[in-house]
Amino acid sequence: MKQSVRPIISNVLRKEVALYSTIIGQDKGKEPTGRTYTSGPKPASHIEVPHHVTVPATDRTPNPDAQFFQSVDGSQATSHVAYALSDTAFIYPITPSSVMGELADVWMAQGRKNAFGQVVDVREMQSEAGAAGALHGALAAGAIATTFTASQGLLLMIPNMYKIAGELMPSVIHVAARELAGHALSIFGGHADVMAVRQTGWAMLCSHTVQQSHDMALISHVATLKSSIPFVHFFDGFRTSHEVNKIKMLPYAELKKLVPPGTMEQHWARSLNPMHPTIRGTNQSADIYFQNMESANQYYTDLAEVVQETMDEVAPYIGRHYKIFEYVGAPDAEEVTVLMGSGATTVNEAVDLLVKRGKKVGAVLVHLYRPWSTKAFEKVLPKTVKRIAALDRCKEVTALGEPLYLDVSATLNLFPERQNVKVIGGRYGLGSKDFIPEHALAIYANLASENPIQRFTVGITDDVTGTSVPFVNERVDTLPEGTRQCVFWGIGSDGTVGANRSAVRIIGDNSDLMVQAYFQFDAFKSGGVTSSHLRFGPKPITAQYLVTNADYIACHFQEYVKRFDMLDAIREGGTFVLNSRWTTEDMEKEIPADFRRNVAQKKVRFYNVDARKICDSFGLGKRINMLMQACFFKLSGVLPLAEAQRLLNESIVHEYGKKGGKVVEMNQAVVNAVFAGDLPQEVQVPAAWANAVDTSTRTPTGIEFVDKIMRPLMDFKGDQLPVSVMTPGGTFPVGTTQYAKRAIAAFIPQWIPANCTQCNYCSYVCPHATIRPFVLTDQEVQLAPESFVTRKAKGDYQGMNFRIQVAPEDCTGCQVCVETCPDDALEMTDAFTATPVQRTNWEFAIKVPNRGTMTDRYSLKGSQFQQPLLEFSGACEGCGETPYVKLLTQLFGERTVIANATGCSSIWGGTAGLAPYTTNAKGQGPAWGNSLFEDNAEFGFGIAVANAQKRSRVRDCILQAVEKKVADEGLTTLLAQWLQDWNTGDKTLKYQDQIIAGLAQQRSKDPLLEQIYGMKDMLPNISQWIIGGDGWANDIGFGGLDHVLASGQNLNVLVLDTEMYSNTGGQASKSTHMASVAKFALGGKRTNKKNLTEMAMSYGNVYVATVSHGNMAQCVKAFVEAESYDGPSLIVGYAPCIEHGLRAGMARMVQESEAAIATGYWPLYRFDPRLATEGKNPFQLDSKRIKGNLQEYLDRQNRYVNLKKNNPKGADLLKSQMADNITARFNRYRRMLEGPNTKAAAPSGNHVTILYGSETGNSEGLAKELATDFERREYSVAVQALDDIDVADLENMGFVVIAVSTCGQGQFPRNSQLFWRELQRDKPEGWLKNLKYTVFGLGDSTYYFYCHTAKQIDARLAALGAQRVVPIGFGDDGDEDMFHTGFNNWIPSVWNELKTKTPEEALFTPSIAVQLTPNATPQDFHFAKSTPVLSITGAERITPADHTRNFVTIRWKTDLSYQVGDSLGVFPENTRSVVEEFLQYYGLNPKDVITIENKGSRELPHCMAVGDLFTKVLDILGKPNNRFYKTLSYFAVDKAEKERLLKIAEMGPEYSNILSEMYHYADIFHMFPSARPTLQYLIEMIPNIKPRYYSISSAPIHTPGEVHSLVLIDTWITLSGKHRTGLTCTMLEHLQAGQVVDGCIHPTAMEFPDHEKPVVMCAMGSGLAPFVAFLRERSTLRKQGKKTGNMALYFGNRYEKTEFLMKEELKGHINDGLLTLRCAFSRDDPKKKVYVQDLIKMDEKMMYDYLVVQKGSMYCCGSRSFIKPVQESLKHCFMKAGGLTAEQAENEVIDMFTTGRYNIEAW
């Protein structure tokens, strides 16, 4: 080394140097025998100075022949060197640099040793900042350390970069240069990141190609050791990092030779070590800081010479000689460009072309950017240069110019002879914008022009500021002669990219050809567009731009030919291969005319293959990659066919061997079939194609953004968009993915209406919101396409029609919905044939108004009727993340703000131009923003604080406006209501529009109103959500998240836990479970999963929940609770990911989620601080026990299986430890559940376990009510779902009460199925002899399988020897008080049998507060379910006036939608005179206006007059239940009355007497005058008026706009002789024409079949109504010319003369041939009573024909008493007419029930 490179060390320090040398192992006083190198400063007593270390000479003879060819990408080329010359690496994933760290981790896991014979220690950190800190620490300890990063990751390293450079520590950071997030995030290439660290003191060395990535990495590692200056080695992200090229690489032995002797030892000697201690990183004051800073100058002064010297030293080893500045071009060039990175090779090609054309041009290609050597730069410039264009791949908005431009300009100013050279700057290639030779030619044209554009841009059209230079796309060919080019268009996850990577390596590693491959992707995570650009040739290929003149193009997805101009890039006579199902005739219709013209005019050889069909036959499904690859090798001739076939088969073993022999065999079979057969088949191109005329064009949407920006983006034409169409700042409209219509699914779900139970599970789990429930009116159904089949809607949508509809062109075909459906109501069908039909259906469905407001949006089922405001995202098929966020938008979307961390959710949720977040019909929807990866919690926190502050301001203004009454009375009332609800859920949404409308009209009245109107967007209670993945929450963003959760701020955090960094390719995070194999943990993760939720719970004031798709109801509940909590909340959702490698595929995502819960792998729990304030345990464990096999669960995921293949013993050990950890964690949660608030054992010593099986929550609610009753009777109680117990524990439970519902056709609820399965297994006789039990079933007695599950459990427990305490009880949904009626009749027997003492009652705490507010304005109140209906006729009696029974018909005018068979619910009002009489007796003034503050869920008016409240709302004339009497006894002052009330409450004889006398609430208050609850309690104790339901006798098709009722005005005489009439009957009996009442539609079991099927109808009395409706409907259809099936009606009533209802109409149907009628009038002949069931027996042949042979349907409507006899009669008919046995006849009846052909409506 030249002496000038380092100053000579002063003699004063020589002794210290010698002394220091002995410390590192040299012999003191011995003369050096080898070359002397300078490295690093030596510690002295007060200051570090440089010194020399002498080491023995070693064999460093270059051997360039040791190099080997290998086809690698830039990342692998770099990692090869970095791994060899490092001993530690600290890594963190960030695209596009992650691959470098992944490879280092792979090699470490494989035990590969570096050049020094040691396995590199590769450690993943929590962030790039952590990686830099660890790097600094390792260097301080003397390690040879490195890291890999990009973009924001590099910026996070800046503080430590200053430290490392300041302390003169040798190191290399390898950077895949990438853009920084500014107006938008871009993962693509640019120099913004590296330019942001140019001031840190690190040397910066740039690679331009894949080969240089290897070489410059080597030069960096050598030069840093020689100079003690750390290096940033960078190359262009993606374009170089991910380009595959065949390059020469040095083996480790050769790399080791290049390590300067003694430099590593010198570095070690400077380490922090107690054997030679120093102090580093001190605090310096003003007296010495400046000087110490300047003391390092000597290390930088000649650093450029050190680098050049290193390049010279490396050259003999690699055969490639580099310069820090390389000049190419004419020696007398006048125009020169200066640039670095991958664009350099493109400019080089352009220079060669221009020089051949006689142009005097050249280029300076920069390698060493920092330190910038002015001398070296000036030296390479030709003396003839007149103009220079400095090209930067970054933009610095506020600077005079970009960095390279400034450096060039400053350099030339230092040389007088160069000061006349004109320098301009330009930008190119930002965000990996393809930089092609034509762009380079345009730059030279601009440079040579008279007035060149300064600070120009190239590759874009800047029509705003005019910076862009024009270029002509002349398709110049600058490639080496003999280069062949290919493009493969694929669909994400079809294997195309992987196959092409394999193909390049096959060709590169098995031939003399050089190879290059580059891969392009769109924004979709999976199922997106991929294009693979491959080149092959005899000479090295450095063209770093996309293929534009291809010899071979393959399109692996047929729809692409309609979207992409892919043949624009094919040369004349090239080969085109299409995977399609089309015949030549189909192609005429399907392939656009311009595409066909290209085929013909360019004389393209066109081949077609139906790859999917062929691969299906081999069992490969959509994985068509190997078939298409075989076609390529067969047609391209790149390799000899036999060799290509052999190599392909070998590559299959390598690629798929780990997936099993079967997969290998299938892929090899399909490859061999291609080589052996006539695949693909050449298409004989019709001559007419050359002149094909466009017959159709894409229909514009009329939305400018979609037509002008989004569609070009999707069609890969974004490069053509000008600057003027962009919005400065990077904002984009929402709801654009609905226009994408990618149509990527080969199969889509088809709805099977007959099987559907309308649970909406399919909609919940759909990752892309492509399958949804729709509710329609009859009128809407009539307008629907013929294929738009519906069925009768249930629940809140009574009277309407239900359909599950898929969006066929948005569906990804993931099959999650099909696999999740519990009723087999979905099946996958061929998309090719189904899409045309379903497209029409979808287009119709989405135009139907959303009716989500008609149901409870905060329930599982109800949430799915809400419009998803996240739809058609770019997430992978089967994604486990999107359903959570979709649910969030359905629950709170129209008032939600989302701060989204960078990661998967920001890519599928925030890709420019393709926004899946959308709006409702009002234009409201989630506002979404992304800051960075590391700061998302703080970003969201800032939004929350700002919105809270703004809302507080608007609240202050509204408070003043209300106090000052500046608005009219109506608006003031609304604003006052807003003040009450302003921070409570979505209550304000109900009247928000009214407020805004009122403000718009009145804002000119007062400045306060003007201010409020100006802040109207703050009126909603904004729901703030912070969303991100587990890597963000547990690692890089944990510090911020922890602070935000600790802040107490009201906001919500949702962590989408895939247990790895999914977005960057599946690297381990701290959320990754032990034993899992992930990138950066290929040897299996050896530490426990971080428990983020427990950390959050430790604060005590954070709502915390874990959720999973395996328990959808719990998930919905947790979301609702979290959002309602006034404070920070944290929800962590288990999100299955494609990176998990589910053996059954992502279609089974929900089942695997269920298994995760069952095995304890993912426990479900909620921590609600509000419960602690109530004295309850805030911790709620929702998965009560471990009940699955953990090992089986793990064995279904490749991430756990792969470790066992590589390290069986290690895998078993880690999995065993994980199982122990999971068990220990679960036991800890059990202890938390039993925590300090758990009651001690009951004093009585009695204990009961209450178990429930619940689907909708009824059984669970009843179980918890029962638990309270047992606790009051001094029992200790445990309440659990049946599936949460271990069945083996039953024998030790002592006493068990089971409450269980029946679902569907006799099915167990989901949370009891495992219990029943286990209980059915073989057990020892008398196994449960020590168990006492009782069972209560919930069901609907009109169903054949009424309480079937309860009966099964009861019988099974008895068979196992358990002792039945009391007989099974039944709760009938059809009873007036639903299941409570049966429960209240059953439970006393339990208390009696147990001999429990009657507990002391405690008065409940009311959920309402009541105030007298005389100045308030009363509100008009209607129940949510009600709609005004107008009586057209009043009540028209149809039985004689003197007859005792009064049947009436009523015609109603209404817009309510209903179906034949539905009932009309009528909301009665109490008689005003009776109410006023009661109020006067009670001492209440009916005119008083009261305000009710309602904290519960009950529907009550906010402000109302007392008289109206008791008339319209409270059921004061209803029948009290036994609990009412208990409560009333608290208020009884008179002792005798109190005792009597308590006696009645025990449900003894007096209670029965009261029931028989039909006493109502008003009666009871008269009977007990000393019991006077306050108005507050009175309202609590008296329930709301319920609608009474009456069968509808009309059909919408017959009398549209009308509903007809057939009603029996029911009156009766009580035992005491009192005359009673029902409340509603009283109102209807006196109904007048034109009178309006509140009504609603209620669905019944009467769901009628296809009109061509026969039906049998049995009616008693007014039960005739639905059958009249059915007859009217079929009669109308027949008149329309439609075919209808046979109809038989069996009608029963008392007397023919007076009660033959609708006689004339029924006779008319008989005469029309529509109806067979049989009537049974039971009291006409007292001696011989005839009933309906008797008449059925007489028609045995007709019954057998209609119901068994023709599979018709049976309907019964009327009294419950005739239901069973009719069934028996049917069985009789089947046996007699069909010759069936009794068992066979029974099975036929059962089949009718289970297939929905037997319907009952009984009372």
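Note that Cβ sites are derived from N, Cα and C of the backbone, with glycine treated the same way.
The transit peptide feature in Swiss-Prot is assigned to 1-37; the stated evidence is experimental evidence.
According to Swiss-Prot, the domain '4Fe-4S ferredoxin-type 1' annotation covers 747-776, on the basis of sequence analysis. If one looks beyond the domain '4Fe-4S ferredoxin-type 1' (747-776) by at least 6 residues along the same chain, the residues whose Cβ comes under 8 Å of a Cβ in the stretch are 784, 789-791, 793-795, 797, 800-808, 810-818, 820-831, 834-835, 838, 845, 848, 851, 854, 860-861, 863-865, 868, 870-873, 875-883, 886-887, 1109, 1112, 1149-1150, 1303-1304, 1457, 1795-1796.
Cβ neighbour count for Cys756 ([4Fe-4S] cluster 1 binding site): 21 (other Cβ atoms within 10 Å of its Cβ, all protein chains included). Residues annotated as [4Fe-4S] cluster 1 binding site in Swiss-Prot: Cys756, Cys759, Cys762, Cys766.
The annotation [4Fe-4S] cluster 2 binding site is assigned in Swiss-Prot to Cys811, Cys814, Cys817, Cys821 on the grounds of sequence analysis. Close to Cys814 ([4Fe-4S] cluster 2 binding site) in the fold, though at least 6 residues off in sequence, lie Pro767, His768, Glu877, Gly878, Met1146, Ala1147, each with a CB less than 8 Å from its CB. In this structure, Cys814 ([4Fe-4S] cluster 2 binding site) belongs to neither helix nor strand by DSSP; it is coil.
What Swiss-Prot lists as domain 'Flavodoxin-like' is 1248-1391, and the listing cites sequence analysis. On the 0 to 100 pLDDT scale, the model's mean across the domain 'Flavodoxin-like' (1248-1391) is 88.
Summarising the annotation, Swiss-Prot assigns domain 'FAD-binding FR-type' to 1425-1650.
Ser1594 (FAD binding site) carries neither a helix nor a strand DSSP state and counts as coil. Within 10 Å of the C-beta atom of Ser1594 (FAD binding site) sit 24 other C-beta atoms, taking all shown protein chains into account. The FAD binding site annotation in Swiss-Prot covers 1458-1469, 1585-1595.
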Secondary structure of Cys762 ([4Fe-4S] cluster 1 binding site) (DSSP, helix/strand/coil): helix
Cβ neighbour count within 10 Å of Tyr1458 (FAD binding site): 26
Other residues, Cβ within 8 Å of Cys811, Cys814, Cys817, Cys821 Cβ centroid ([4Fe-4S] cluster 2 site): Pro749, Cys762, Val765, Cys766, Thr770, Ile771, Val806, Gly813, Gln815, Val816, Val818, Glu819, Thr820, Leu826, Ala1147
Greatest C-beta neighbour count within 10 angstroms, which of the binding-site residues Cys762, Ile1585: Cys762
When distances run from the Cα of Tyr1458 (FAD binding site) to each of the binding-site residues Cys759, Cys766, Cys811, Cys817, the nearest one: Cys759
Distance, Cys756 ([4Fe-4S] cluster 1 binding site) to Ser1594 (FAD binding site) (CA atoms, angstrom): 26
Conformational class of Leu1464 (FAD binding site) under the three-state DSSP mapping: strand
Cβ-based isolation winner (fewest other Cβ atoms within 10 Å) among the binding-site residues Cys759, Cys811: Cys759
Ile1585 (FAD binding site) to Cys821 ([4Fe-4S] cluster 2 binding site) - Cα separation in whole Å: 37
Distance, Cys821 ([4Fe-4S] cluster 2 binding site) to Cys759 ([4Fe-4S] cluster 1 binding site) (CA atoms, angstrom): 9
DSSP-derived structure type at Arg1588 (FAD binding site), helix or strand or else coil: strand
Neighbour tally for Cys821 ([4Fe-4S] cluster 2 binding site), based on other Cβ positions within 10 Å of its Cβ: 23
Extra residues within 8 Å (Cβ to Cβ centroid of Cys756, Cys759, Cys762, Cys766), [4Fe-4S] cluster 1: Gln758, Asn760, Tyr761, Ser763, Tyr764, Ile771, Pro773, Ile804, Cys817, Thr820, Cys821, Ala825, Leu826, Gln864
Between Arg1588 (FAD binding site) and Cys756 ([4Fe-4S] cluster 1 binding site), the C-alpha gap once rounded to whole angstrom: 28
Those binding-site residues, out of Cys811, Cys817, Phe1467, that come within 10 angstroms of Cys766 ([4Fe-4S] cluster 1 binding site) at the Cα: Cys811, Cys817
Length of the line joining the Cα atoms of Leu1464 (FAD binding site) and Cys756 ([4Fe-4S] cluster 1 binding site), in Å: 24
Summary of DSSP states over the domain 'Flavodoxin-like' (1248-1391), given as helix, strand and coil counts: 59 helix, 36 strand, 49 coil
